[in-house]
């Protein structure tokens, strides 16, 4: 091998070597086990699908970021998946159309994009999540937020915080208590995103100013939002505020909660409720979720997606544990019994090996593991 | 959804629905755990690499079967991996070049090909295996065959059989005891593959005829091969026969062994030793392995690859187990304690649900799971 290492793999694609691979495997299994214990059944969709099938369930922007190629069998364009939630929606709407609702499904797998996004150079990520299909009620949202926190915690996260949002808030208010001309809605949403009070006024959104200040720690921010609902917006927000209260009551003891009711980034598909997940010591978001309608079938659903690679990268490397050297001529039955109680072993290939150099901590002497 | 189901996914690509996904997840974990217990450290290479990097470590035929696309970042051609062993070889030769030998690595992941092969319509498969890098001795081969049997058995296989072969047998004999002109070697190998005695004679390979009959149950076939070695081939086969004896002594009590010393199909890269794995009730091969040289670094190695999808398909569906319905107003602490001892639960979303329709077998009453 004379190639320079930098040239070995395309930018944004990496190998996970033993220490990192062990940590990722452990975190992935623990998170999936948490979902399984709550009755979420795993499904495993393929890596590659018809581009059109993936695209009709996604926004146009996202599909341009997929790896695409022509299928010699069908002469149609295929794509490497960049998001598994659209696959879960497809399965719920087709093969599992007849299954009882609510339908609880979970998934874990690699997704890839042909271009990286500005904040994250990775072009391949492990995506892991759960979908509760057939309901977008506050009870469903509470279950899903609690489950997301439990899965993240199982994967090793500490100090989880959850930021709630109301993705269709402006649309709702514009159609009821704070009327807006249809051609101004987009500008008002944009300036709320930018948190620019002056531009918001100029865009004709003066009535929306109080929303800018209804963000922060959950209880305080919800109080401000409720005040807008009660005093300004004539009760239009009531059901959403009551939903948020229910969700917060369910998970408030497990995570730090904040509210940013006009946050839209990453919530292009969500309906009334969305949330973003963070953990102490990990930069950026670890996942997102919310209520939505499944593309194609238009069935109500609530779900979340986690990207646990940055979490695993931030965890302290777990100790690799004991490793038992089995010298030439050892009793294979003894070795098998020790493995059955959890010893990892490395068998001698020939005389004269150095067990320590192979990473071993112990050596089998007779039927006893002895520390090196 | 009005699309016909047959049109949903490209031919050769499938969803695994809950029962099948559960079985596959269980088999995959069990096999990986078996490898881990024997000191094989997992590495996780990416789904996509530079085509050239994959291709220079594979035969030209195989690379034409890869999904390929141009990388907008590097303007080079990328490919979706169709075989993970070349990735493991790359890691051993680069990032882990300085790690102590023998180096034991394992892997599991999805691989895909743009065209199916004639015997198997699947274009995506789960590949899982182990590589022992730095040795191709009989001891290494014995360890690897034993490990392959153990991993397959952990994944659920019963009645494993292993067919041994000597991939470079004809080359070895042609260069020593049974001389052949270089331009006849390929024809002799072809007719041995076809097991056509008449054509073998016509091709000038009359001296190779006894090899045709040295196939079958291991002891008997090895006896015949040894006779060729002793009487005809003047000892040229001795070290290979002794190697096979050592390997068989290691694994003969765990699997049915056969020998087909001239079998070459699927062993394009192997050096002196190759083997194919089968299990009762499963059509076709479940995996292959052998000794080889890593492309690029030319380091000696021994390894195996399993494709466990057909095994999992052949297994009886595991019972899905108990599922506990948590009615509205249940005590979440009680539910958490029950999950901690292994109960899977489904929480009520609202009053009036039918727990049985949701697949539940039990209902929580107070702090007691009660059968429905």
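Cβ atoms are placed via backbone N, Cα and C, with glycine included.
It should be emphasised that the depicted structure is a prediction, and the values quoted were computed from it without experimental measurement.
Counting every protein chain shown, the Cβ of residue B:127 (L-histidine binding site) has 20 other Cβ atoms within 10 Å. Look at TrEMBL and you will find B:83, B:84, B:85, B:127, B:131 tagged as L-histidine binding site.
Taken from TrEMBL, the feature domain 'Class II Histidinyl-tRNA synthetase (HisRS)-like catalytic core' applies to B:12-311.
Around residue B:85 (L-histidine binding site), a 10 Å sphere centred on its CB holds 24 further CB atoms from the protein chains shown. Annotation for the binding-site residues B:83, B:131: lowest Cβ count within 10 Å of the residue's own Cβ, B:83. According to DSSP, residue B:85 (L-histidine binding site) sits within a helical segment. Of all Cβ atoms in the protein chains displayed, 22 besides its own lie within 10 Å of the Cβ of residue B:84 (L-histidine binding site). On the 0 to 100 pLDDT scale, the domain 'Class II Histidinyl-tRNA synthetase (HisRS)-like catalytic core' (B:12-311) averages 91 in the predicted structure. Taking the centroid of the Cβ atoms of B:83, B:84, B:85, B:127, B:131 as the L-histidine site, the other same-chain residues with Cβ within 8 Å of it are B:86, B:87, B:88, B:107, B:111, B:129, B:303, B:305.
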